Amino acid sequence: MAAVPYHPTLAGNRATRNNLYASLWIWLFICPLAMDYKAVSDTSSHLAQILLAVPTLFAGAMLMLIAPRFAEHSRLRAFVSFALVLAVPASIITQLVKGNDFGQYLRVLLPFVLFQLGFIVACRPWQEARIEQFEKAIFWANVISLAFTFVYGMATGGPLADVRYRIVSATFLGLQAVLLHEFVIAKRFTVLTLGIFMATVIIELLSVTRSLLVGTALLFVLAIWMSAPSIQYVVRAMLRATFASILLGAMAIGAMSFFPNVAQHWTERLFYAEKDTTTGKDPTTITRLAEMKYQYDEVTSTTLSKLIGEGYGHEYRYSPAYLPDLKGQMSKTDFYAQHDWAAGHNFWVYQFFAGGLLFGIAMPFAILYALMRALITYRRWRAAVPNAPYLPVLGRAILLTAALPATSIGGNPLGPRFSGLIFGLSLGLMVAMHVQLRRLGARMRPAPVPPQPIGGGSDDGPGGVGPSVPGDYAPRLEPRLVAPPRMRPAPAPGAARPPADAVAGDDERIEPS
């Protein structure tokens, strides 16, 4: 089916389209936090981190002021917006009740504020040129973050085993998701995208992080599923997936040839991490489970905490139930000395821990629901109108947003500030493109034919009752079959003709001529 010419019906006014500083605000909103970093210690100065956040917040406020207004209501956008209001502004209620350290509260809350700000800015009905600028800024900000985080992590010193947690950018899987869209769905292979993906593979191998490997595999499977909107495309999708797998595998093998020790580290991590311990259990997995168990037990300890949570910045520890599983890996003193107040490693449990039933579970559910609705919309349009406008933007936004739950396998995607901003932008773009395509579908749908007035709607035709006026419709009357006139034989010559009232109700007899 040919593409239908499309003009965004939700576009903003002329002042928004011709704003000379819109491009500046977009790049200033997204790029500064790409050079955000994790301090070596809590006692280090955070002045540079504060200075990076100031232009982002200022540019975000300017974009909110010049953003186009909504022309119609969207239930999906309203639902996601309401869930974010419960998770971010309403968290002040829990803070006032629980009385957590206000500095800790603000530091944990800031990534969530950036997430909501990114959604508010990106879900607006921007023009095509502005959407293209948003996508370019997001892509290059992710590339800058990838390079800066790797260089900064290696520069902090120490062996690879110590810095491997610092060389992975906060939006690592998000960048891979956009590149997978180019390779698997769009079938575009350029030197630039292949080089960037090769860099991500090298960093992923050097980090020796299993959760990243699982996240990449899940995003790859999702990209394959999105590229095959129906059964007849499955074979083609599998062929493309096979080719992409061979290409990515060759990249991984080539990267491992430059770092021979990496293969040994991966082998130990995958097959011997549990065997090398006294209890036969992976210590990383045990510590994550101990953290989640403590958070769940504390938030469900009282009815009030179960309703409103413990609040952002509330301290948590390891659950004593998992102390025996860490025998030989951590002493009892070190185990009970562990405490933290940053956003927990598990995004889903921490949201319940911080916000409870009222303020915590709405946002994770809204993200998954919006992702599901957008996936359904994408597959329907790709099957019917594969070259529809904004469909590629929706595909990239879906994969970038899907990197949020993929990242949550190994950590909290809304812990770092930059990832909070990027995932908020991707969620906003995804919802905006979903709304645009639904409006386009409504415009492409043929209009229903209105019922015609009695008599044909024209005073010129036979049986006309006057000109047809829009809205001047009468009830439609179905035609009824009428019996034809009955034929009776003529009376014999000289016979008396029957009286007229003898055949009352009958038609006139028809005599043969």
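For all residues, glycine too, the Cβ spot is worked out from N, Cα and C.
Automatic, uncurated: that is what TrEMBL annotation is.
Annotated features in TrEMBL:
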type     : residues : note
TRANSMEM : 20-40    : transmembrane segment
TRANSMEM : 46-66    : transmembrane segment
TRANSMEM : 78-97    : transmembrane segment
TRANSMEM : 109-126  : transmembrane segment
TRANSMEM : 138-157  : transmembrane segment
TRANSMEM : 163-180  : transmembrane segment
TRANSMEM : 189-206  : transmembrane segment
TRANSMEM : 212-234  : transmembrane segment
TRANSMEM : 241-259  : transmembrane segment
TRANSMEM : 348-372  : transmembrane segment
TRANSMEM : 393-411  : transmembrane segment
TRANSMEM : 417-435  : transmembrane segment
REGION   : 446-513  : region 'Disordered'
COMPBIAS : 454-466  : compositional bias 'Gly residues'
COMPBIAS : 493-503  : compositional bias 'Low complexity'
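When each of 138-157, 348-372, 393-411, 417-435 is scored by its Cβ pairs under 8 Å to the transmembrane segment (189-206), the top-ranked stretch turns out to be 138-157. Stretch with the most C-beta contacts under 8 angstroms to the transmembrane segment (78-97), considering only 46-66, 163-180, 348-372, 393-411, 417-435: 348-372. Within the chain carrying the transmembrane segment (138-157), a Cβ under 8 angstroms from the stretch's Cβ atoms is held by residues 30-31, 33-37, 40, 163, 166-172, 174-175, 178, 196, 199-200, 203, 400, 418, 422, 425-426, all 6 or more beyond its ends. Away from its own ends, the transmembrane segment (109-126) comes close to residues 8-12, 29, 33, 53, 56-57, 60, 63-64, 67-71, 77, 80-81, 84, 87-88, 91, 134, 312-313, 343, 414-417, 419-429, 431-432, 435-436 of its chain (Cβ-Cβ under 8 Å, at least six residues beyond either end). Counting only same-chain residues 6+ beyond the ends of the transmembrane segment (163-180), those with a CB under 8 A from a CB of the stretch are 36, 38, 139, 142-143, 145-146, 148-150, 152-154, 156-157, 193, 196-197, 200, 203-204, 206-209, 212, 215-216, 219-220, 223, 244, 396, 399-400, 402-404, 406-407, 413, 415-416, 418-419, 422-423, 426. Against the transmembrane segment (20-40), the recorded stretches 46-66, 348-372, 417-435 differ in Cβ pairs under 8 Å, and the greatest number is found for 46-66. Same-chain residues lying 6 or more positions outside the transmembrane segment (417-435) and placing a CB less than 8 Å from one of its CB atoms are 10, 30, 33-34, 36, 49, 53, 56, 74, 76-77, 80, 110-126, 131, 134-135, 138, 141-142, 145, 169-171, 174, 367, 370-371, 373-374, 377, 390-391, 393-394, 397-398, 400-401, 403-404, 407.
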